[in-house]
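Colleague: Pasting a structure here, questions to come.
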Amino acid sequence: MSSRPAFYSRRSYNDYENMGPQLEDSDTQALEPTPRHNTKQASVDPFPTDVQRIPINSESPLHQVRRAPSDSFRSLRYDTKKRSYRFDNLSDIESERSAGRGANGPGSFYRNGRPSTPVEEILRLPLTWWMNSTAKNRELPFSIFDARGMSARFANRKSKTFVAMIGEFVGTTMFLFFAFAGTQVANIGASSTTTTNATNGFSPLVLLYTAVSFGFSLMVNVWIFFRISGGLFNPAVTLAMVMVKSLDYVRGSLLFLAQISGSLLASVLVRALFPTPLNVRTTLSADTSKARGVFIEAILTAELVFTIFMLAKEKHRATYMAPVGIGLSLFIAELVGVFYTGGSLNPARSFGPCAVTGVWDNEHWVYWLGPALGALIAVVFYKFIKILEYEIANPGQDATSEDVSPPLSRDGAWRKKDEEA
């Protein structure tokens, strides 16, 4: 058996304090720092290392043995490369908590009674942590901005929201410009000014060209702008982020205005630059009723929003590849929806062309209600699986050789990577 430390479950200070008599000496295993780490006995970790292994039994509720999220393991691995800490009792934890020292040593701190994300981890994150409740725009101390040579006036919330608005405006403009331009090319020679069945009869080539234009444009521009604004580009996605409290109402409203403005500008640019008419409006096909249109848009939007939740909002080892999955999600949705509804999934996408051409179809409301309903469906399902603690259903997906392996040992406790079953 290897002497390398195994991290089984990181629980909060309050969870540890309230466990009480449930934890017996026989149920725990002390976690000693390994010789290869720069070990020093210091009380700077509110997650006690002497309570890391909890057996699954009737006295230990399932939520008490929940595996820590992958970002916790990544942060823990990163920090233990520099130091290892150990607590001996609860008084050490309380003293460090009162002193305001954080969970990962120097450079982290407490705010609102909980540890913040370590500074080192924040500065190297690859994707949209501002969407998360532990986002850097909520917990990164102003001194970090000053230390990097930035003026303190850019560290306040208004400045960060303004920068995010600029990112959403420019990003939405670029996303829809290339998507509209590709659709414009696909619809050359069409008999109408709509995306839906624009050519006379069904054309798989036009359908594929349009789907590729939207999917790849979203993928590229999300990859460009996720560090600035999160790369939402869609009022339905913004609404979903507000509902899961990744965005507050003020910021969400401002990003919504930026997205609508970007849609208008993209439509104006496509109409001005290309000699052909603006053939990118979304309408229902002849055989698609308004009710069907609403549910088609809702289902396709729910798939897109849930993809964003699981690939971008939920942090994992492949988070940096989230733009690829998000772009492919829109691509397959467009393959299904373009012929029947125009494949909007985005109120801004439908609003801009209608406003610029001055043609408002009587089913335009479908492209607002459908995506909003889809966002609600995705949020409800996302919260449902979070309540069920989906992480324990298939654990260890982000584990490495330094982590714990997914299976349990025969006594019901999490086993080490090198431990024999």
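Cβ atoms are placed via backbone N, Cα and C, with glycine included.
Annotations in TrEMBL come from automatic prediction, not curation.
From TrEMBL, for reference:
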- 412-421: compositional bias 'Basic and acidic residues' (COMPBIAS)
- 1-50: region 'Disordered' (REGION)
- 397-421: region 'Disordered' (REGION)
- 162-186: transmembrane segment (TRANSMEM)
- 206-228: transmembrane segment (TRANSMEM)
- 249-274: transmembrane segment (TRANSMEM)
- 294-312: transmembrane segment (TRANSMEM)
- 324-345: transmembrane segment (TRANSMEM)
- 365-385: transmembrane segment (TRANSMEM)
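Where in this structure would I find these features, and how exposed are they?
Modeller: Sequence-remote contacts of a segment are chain residues at least 6 beyond its ends whose Cβ falls under 8 Å from one of its Cβ atoms, and for the transmembrane segment (162-186) they are 130, 195, 205-206, 209-210, 212-214, 217-218, 220-222, 224-225, 228-233, 251, 254-255, 257-259, 261-263, 265-267, 269-270, 273-274, 276, 278-280, 348-349, 352-353.
With a threshold of 8 Å between CB atoms, the same-chain residues lying at least 6 positions outside the transmembrane segment (206-228) that come near it are 127-128, 163-164, 166-168, 170-171, 174-176, 178-179, 181-183, 185-187, 195, 198-199, 312, 322-324, 326-332, 334-335, 338-339, 343.
Nonlocal intrachain contacts for the transmembrane segment (249-274), taken as residues 6+ away from its ends with a CB within less than 8 angstroms of a stretch CB, comprise 161, 164-166, 168-177, 180-181, 184, 229, 232-235, 238-239, 241-242, 280, 348-349, 351-353, 355-357.
Among residues of the same chain six or more beyond the transmembrane segment (324-345), those with a C-beta under 8 A of the stretch's C-beta atoms are 194-197, 202, 207-208, 210-212, 214-216, 218-220, 222, 234, 236, 281-285, 288, 292-293, 296-297, 300-301, 303-304, 307-308, 311-312, 366-367, 370-371, 374.
Sequence-remote contacts of a segment are chain residues at least 6 beyond its ends whose Cβ falls under 8 Å from one of its Cβ atoms, and for the transmembrane segment (365-385) they are 234-237, 239-240, 243-244, 282, 284, 290, 293-306, 309-310, 341-342, 344-347, 349-351.
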